[in-house]
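What follows is a single structure, written as structure tokens, with notes after it.
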């Protein structure tokens, strides 16, 4: 593990050198520190008005200064904003909100909830906050990160979603009642993203709790989509989860499909899983062959490959960031620049943009303060340091403040042509948009850790390393520490090598071949015969000074790709 951590540092240098921005480029870009503070002010303007006017409802209505429930009555904005508080450095409010959520959120309610949205916003937000709790100064319980109140809340919420997966195909229904399960007569038609966007959260849950059911259902759903792809390698937009018949046969990278592709890549990195990456790379070939035109991506018929909609959707703007994760930075930058021209045309990304006509699509002219283009800019800036990416961040701050800011927060832009506003501030504004903007302008944030600092934590299963960087963002921008997945569950292929050595050592001692002698360095209870008997705790270490044994990390069988700062490096390059 220490060798891996050290290797990260050298790989990080490669990231910055991949697409040189030229001498003095940074000086020509926006004032990073100034914009970082403006983003911080944006967050608190929205967050404080949510607390004052909307809590405990899910979301703020900024034009009327009140709140409403949108996705299930979970105080959703509070959950979604929690890890953003820590990224901005506010540990005091993080700690307060953790207590509020424990006391006030109840999932035993008679509410019909979106399976997809509850997973990415609630389960993802709680998991991320759980894994960041110790860093935020929360007094964690014995056994953390393998136990804890936020982890139990995330598990409870996820269990409420499991009945949706009880279908003949393993693909879930789109809606579930949190008290009664799937309603009789519930439509079996679900969008592709609503089926394939669970592996990050559910696999994390399985690894932390030891219950494989979450990862199992997420994998089964992913494989069902893969099995039902067309002969030319594409998936459609909506499918019947009972019969596996495609209801909407438009294939593309945007709305209804987007995070399925995202989670194949992020799941592969998080779990070091060759099969998931192989699936994505096969899809990527078909996407390039049938949907890509001049660095734009169109919508096509999934069986024939003929163009069905020559439009760019704002939700597609995540794609350059995803391309950067597989190392395809040059193509990512070209597509990003196409999307950036649309932003500059309107001061935001309309939901639909007709590419041949170069204008908005009727009734799709709005911009609900989505994060996707900013997300891609953040990833690509980590990989290239190209100042044009900071310019997008600057333009986003200026546009949102000028058009969307109102007395009680930031309002959805109903029409980018005349800047009319809508009375809604989606929780993803604080979870994603502000977070990615802040990270774009904060190169020294702990999220960007290059592996030089980390924590060593003792769990019932041995030592593990946390907070070394390499965070995987779920599709709601909740960061998951991939190292945590190795802390709480022993698997046959991931035995702690030190345990094997200890067993051998004590076997020799028992047979009088190697007498045991307790040294004076051991205090009471410190010389346990098994690492799992050690007292629980953890202390901060620095990799440059640490003499931490190489044997205390689990082996990782999948090492053909290593994701660092928005790129995946191949072993053979």
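Cβ coordinates come from backbone N, Cα and C, glycine included.
The signal peptide annotation in TrEMBL covers 1-26.
What TrEMBL lists as active site, proton donor is 117 (among others).
Counting only residues at least six positions away in the same chain, the Cβ atoms of 193, 315, 316, 318, 475 sit under 8 Å from the Cβ of residue 258 (active site). Look at TrEMBL and you will find 258 (among others) tagged as active site.
Per TrEMBL, active site, proton donor is recorded for 351 (among others). Sequence-distant neighbours of residue 351 (active site, proton donor): residues of the same chain at least 6 apart with a C-beta under 8 Å from its C-beta are 313, 314, 315, 361, 364, 365, 366, 367, 368.
Just so you know, the Cβ of residue 372 (active site) picks up 24 other Cβ atoms within 10 Å once every protein chain is counted. The feature active site is assigned by TrEMBL to 372 (among others).
The Ca(2+) binding site annotation in TrEMBL covers 475.
Annotation source TrEMBL lists region 'Disordered' at 517-552.
The annotation compositional bias 'Basic residues' is assigned in TrEMBL to 538-547.
Note: the CA-CA distance between residue 372 (active site) and residue 117 (active site, proton donor) rounds to 16 Å.
A simple way to gauge crowding: the CB of residue 475 (Ca(2+) binding site) has 25 other CB atoms within 10 angstroms, across all the protein chains here. Within the same chain, residues at least six positions away from residue 117 (active site, proton donor) with a Cβ under 8 Å of its Cβ are 71, 72.
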